[in-house]
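Worksheet for the structure shown next.
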């Protein structure tokens, strides 16, 4: 399946540790050979040169011919040409097929050669990149292709790693090396690699590196991107190696001046190249159908030839019986005569397979590719990047795409994080400078440390900061300046932040602009400049992010000696750790929901003052847990959790992860065209889901299924396999899947032969000591069980029970998963490797039999791009590997809309019309050969002149059909984009299929019968009246009638008339007149009477009025009935009742049975991409990661993060069995918890809200004190209740009702829309309006 074998090649099989690399010893590696093709032996250690091209000078001709003859039509034509070379059976001149076939081969070979030259150029650019290689005792600049295994390489900042290297040393402390892996796994965050301590201390100069003679023994080259095991033997000692010591090819060196590495894998042996599948010849659905149709036509011609041969045999027997005296003149037996006449008929009818159609199709594909290249609407001016069709044979398939598989990083997003809003003490602060007008006047002029690039500015908030009266505001910005792992450097008297995440950098920069400047840090201190005053905080403990905690905390002692804990994290873990939950906390939670509705990435901030005695009691426990050798992570987690209780909420931040321009609109439009979009990313689930909401791939009313839920669905799928209905419930609901790479391994590998240890080894980033919790625990079991009760017995397989039994367990599992996923509106696959991306695409292709498109911009997308039917590479993002292996190149994701809905749909429609008309006109003209055989004694005598047979499809009727293939339009480009529903015709194959093919054949057969038999009958009467009636006149009359009939037919089917089309028709008919005048001239007859036998045949016929009238009669009989039928058909369609025409489908008409599963209130999504493994806090506290103050860098950074739900011990006992158990309901699939407090233990009745609606309090900022007033009931003094809309599922009442927020609280209040909550008792809305994203 296009380079991906299901399951078996998900990860490479366990390999022996037989790969030995000796430093600085090329001779050692050259002696090793491995078995190659047949008896050839090749080098075991490959060079670093890569070759993505298919051909070279010697292999081009044989390989290209081999690919050409994969087409059934070419084999057929070659076979007929061979037969034509036998004089005894040849019935047509040799040039009728030989010249067109040669022309076809030359055109296709030229196209393939041009495409491959482009690949050679791309390979040359990469292979000739420079790098420094150790030669002797110094480093010399060499090309990448000259790099060999065992070489020592020197890399500088911002350079790309040329091969898989073992990090030996770097200029950073402890030989750390920061790399960006965006071109490998799609993540723009910074990851660090570290050299062994022994190499860090010993290899300190080029001279010592030249004397380095260590030997690395490791696993054979494989595709496991996150796994590496080996050992270094040096000076009679062995040192263990893992993936943390390896720099992978394609990584970019960041924040590191210089590093040194030993080449372990080179060229095609590198992990990124192992993840790139082989180049396969992609064939369109129409191309594959054409192979079948050619075989069908050939079979039909064989049958027709057999029947005509039978007629010939019967006729010969009758003739010999009647004229027995002529028998001695026949030297051959009847059987021999029949044998020769059969092949004669086969050659005669070979013109029924139109070779010219394949030639013209090449020009059509080329022309449509040029139109894509010329489309200025897909030209990206900032990069001077037009769209480019690198493949010219897939244009029609662009109009049949049903699944799009998209990368996230760099494809959907720009990877630009912007601080957009914040909420402090329950008050929302938006930016006063949305359009950048204030930044021109430098509103932060009072702050010398301010970063002018920050787009967020709020004058009121600035006044609060400078007033120093509101502690919540001060602690808010102080927390952002302290609680992080950002590194700081100074360059040209400017502070440069090197963050592990763009999120963190945005937060710290925002604090910096508001006067709380992170200045520097040491192993146990952090220095801030707070409103011009320098303050040093002692770091007592740094509680880092991991995959379970979903939060980060820093315990510090301020200069006054007080201890304070600062915590930031996901709202689901922060809110449940608050000391109390009052109105301000409730307001903040409502604001979080509003931010989430605007697809902003939110983060909660909280703090608490810690008593000295409490710290002294906690610190020994912390030290003891930190010194454990076993279960250290679990012990630290428990200690951290003990400290992170009774917090005081400060507020929340909102960060925008910028999408590329037009992404939401593009996805919305494509979904209207019935195109399903799957996101396959190596990034974290939280990040991917946030982007899913931002780009409108996911919506708030979707039912989102994750790993555990899918397993339950699939189990029921297998149990109920006796049912014939396939996922009926899924068609009525808006559902989505969010799954991770580990789940894919478990799902698709659990029943295969590979050991499970292989799957476990593939995910080495996981913290083994952490509690095992699903990364996305979206839905609780109650929802799933209720789903099955509603679904009943309707959920089954689409295949019969018998076929299901015959399938292997792994095939059943794969089919069940694909069937489930295909019923969902969206699928997001997170943490997937490049090979897993290709596997998902291959699974859909195998079980759904649909056209797939993959789009990406990095090397991690190459395998997916190659596996899909159509590969689209985005240029200018993460290198050129995706572009080099793609079929089409775009600069922006939004251009995909025009590529598919305009160029793709047009190309498909044009090719379909072209094929239908070409088959029709071929049969309409050439079927007369069969009818002529019926009246000429089955003699295999051709009816037409040989030149007419050779030039009819190649010249006489070519230009009109070429116009259809290049310029035909049913609607304009603008209407194609406005009506994406038109695209569904291509997905269903409505414009050309076997039914339409048979219609074209039937129509052509009727046309040929009219042209031939009417001509024969009328000519008989004409001969009785004294007009000439001979064989050549009959052939000319039928030929002219056929030519005019098919020309008028194309004039009827063309919808887009231009002067160019009129010129094409005139030129085609003129070419017939000119060529016929030449081939039937006396001059050509004298040269070769055998080749030009029709002397003045057209002249003799056309100068007879009866012949002209006969031609008009034939054309009228062919055209007028079809014109009448089309007119009647269009009239009936126009008069069809509107209700009948727009009747909804069964899927749309059916009311969903599970409304309570929908999320009526938007869930919050955390702004932080939580770490998939431990963060960098331990390195900071150890001093390992800290930089020298003199070091300067200006590079960007990123992070490695992931989010998991809190462990069981973090959940309050009263909530463990509740529907609000956070382990059961994730931030993506749950309603917000309405019980807010421990403050009131009294029962709140639902009718309270209806009694007090008239006196709802107002939540606002007091202009003087800036405090949030207490909100109580006017009648009872209790907090006002509110209930959720979804009472069928959530029945816990709220403790309060939010009132309106004054207009002055948000400078963009005009953009605020309807409230998120409504009172359950009275349907009147609450008056708190929350801002939505500006349109």
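Using the three backbone atoms N, Cα and C, a Cβ is placed for every residue, glycine included.
For the topological domain 'Cytoplasmic' (1-74), the model's pLDDT averages out at 74. Taken from Swiss-Prot, the feature topological domain 'Cytoplasmic' applies to 1-74 (among others), supported by sequence analysis.
Panel annotation: around the transmembrane segment (75-95), residues 69, 101, 294, 298, 340, 343-348, 350-351, 353, 355, 940-942, 946, 949-950, 1091 of the same chain, lying at least six beyond its termini, place a Cβ under 8 Å from a Cβ of the stretch. Annotation source Swiss-Prot lists transmembrane segment at 75-95 (among others), citing sequence analysis.
Per Swiss-Prot, the feature topological domain 'Exoplasmic loop' maps to 96-295 (among others).
Note on the transmembrane segment (296-316): residues 72, 76, 334, 337-338, 341-342, 345-346, 349-350, 352-353, 930, 933-934, 937-940 of its chain, located 6 or more positions outside it, place their CB under 8 angstroms from a CB of the stretch. Among the features that Swiss-Prot reports, transmembrane segment is placed at 296-316 (among others), with the record citing sequence analysis.
Positions annotated as topological domain 'Cytoplasmic' by Swiss-Prot: 317-339 (among others).
Annotated transmembrane segment per Swiss-Prot: 340-360 (among others), in sequence order, evidence recorded as sequence analysis.
Annotated topological domain 'Exoplasmic loop' per Swiss-Prot: 361-917 (among others), in sequence order.
Note on residue 407 (active site, 4-aspartylphosphate intermediate): other Cβ atoms within 10 Å of its Cβ, all shown chains, come to 29. If you look up Swiss-Prot, you'll see 407 marked as active site, 4-aspartylphosphate intermediate, on the strength of similarity to another entry.
Among the features that Swiss-Prot reports, Mg(2+) binding site is placed at 407, 409, 857, 861.
Residues annotated as ATP binding site in Swiss-Prot: 407, 408, 409, 504, 545, 568, 601, 681, 682, 683, 831, 837, 860, 861. According to its DSSP assignment, residue 601 (ATP binding site) is in a strand. Of all Cβ atoms in the shown protein chains, 27 besides its own fall within 10 Å of the Cβ of residue 601 (ATP binding site).
What Swiss-Prot lists as transmembrane segment is 918-938 (among others).
Annotated topological domain 'Cytoplasmic' per Swiss-Prot: 939-946 (among others), in sequence order, evidence recorded as sequence analysis.
If you look at the transmembrane segment (947-967), the same-chain residues 6 or more away from its ends with a CB under 8 A from one of its CBs are 92-93, 95-96, 99-100, 351, 354-357, 359-361, 363-364, 367-368, 910-911, 913-914, 917-918, 921-922, 925-926, 1035, 1039, 1043, 1046-1047, 1050-1051, 1053-1054, 1056, 1058, 1060-1061, 1064-1065, 1067-1069, 1071-1072, 1075-1076, 1079, 1092. Annotated transmembrane segment per Swiss-Prot: 947-967 (among others), in sequence order, evidence recorded as sequence analysis.
Swiss-Prot lists 968-995 (among others) with the feature topological domain 'Exoplasmic loop', giving sequence analysis as the kind of evidence.
Sequence-distant contacts of the transmembrane segment (996-1016) (same chain, at least 6 residues past either end, Cβ-Cβ under 8 Å): 293, 912, 916-917, 919-928, 931-932, 935, 1034, 1037-1038, 1041-1042, 1045-1046, 1110, 1113-1114, 1117-1118, 1122. The transmembrane segment feature in Swiss-Prot is assigned to 996-1016 (among others).
Feature annotation from Swiss-Prot assigns topological domain 'Cytoplasmic' to 1017-1033 (among others); the stated evidence is sequence analysis.
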Q) How far is it from residue 545 (ATP binding site) to residue 409 (Mg(2+) binding site), counting Cα to Cα, in Å? A) 22
Q: Using all protein chains in view, find how many other C-beta atoms are within 10 Å of the C-beta of residue 409 (Mg(2+) binding site).
A: 29
Q: Rank the binding-site residues 682, 857, 860 by the number of other Cβ atoms within 10 Å of each Cβ and report the first-ranked residue.
A: 860
Q) Closest of the recorded positions to residue 857 (Mg(2+) binding site), Cα to Cα, picking from 407, 601, 682, 831? A) 407
Q) What Cα-Cα separation, expressed in whole Å, is found between residue 407 (active site, 4-aspartylphosphate intermediate) and residue 860 (ATP binding site)? A) 9
Q: Return the maximum Cα to Cα distance in Å (whole number) over the record's ATP-binding residues: 407, 408, 409, 504, 545, 568, 601, 681, 682, 683, 831, 837, 860, 861.
A: 34
Q. Looking at the binding-site residues 601, 682, 831, whose Cα is closest in space to that of residue 409 (Mg(2+) binding site)?
A. 682
Q. Counting other CB atoms within 10 A of each CB, which of the binding-site residues 545, 831, 861 comes out lowest?
A. 831
**Q.** Distant-in-sequence neighbours of the topological domain 'Cytoplasmic' (939-946), which means Cβ under 8 A and at least six residues beyond its ends
**A.** 91-93, 95-96, 308, 312, 341, 344-345, 348, 928-929, 932-933, 952, 1032, 1034-1036, 1038-1039, 1079-1080, 1091, 1093-1094, 1097
Q. When you scan the chain for residues with a C-beta under 8 Å from the transmembrane segment (340-360), skipping those not six or more beyond its ends, what do you find?
A. 71, 73, 76-77, 80, 83-84, 86, 88-92, 96-97, 100-101, 103-104, 107, 294, 297-298, 301-302, 304-306, 308-309, 312, 332, 914-915, 918-919, 922-923, 926-927, 929-930, 933, 938-940, 942, 949, 953-954, 958, 961-962, 965
Q.
Check the DSSP secondary structure of residue 860 (ATP binding site), expressed as helix, strand or coil.
A. helix
Q: Determine, to the nearest whole angstrom, how far the Cα atom of residue 601 (ATP binding site) is from the Cα atom of residue 861 (Mg(2+) binding site).
A: 26
(Q) Under 8 Å between C-beta atoms and at least six residues away from its ends: which parts of the chain pack against the topological domain 'Cytoplasmic' (1077-1104)? (A) 93, 945-947, 1027-1028, 1032-1033, 1035-1037, 1040
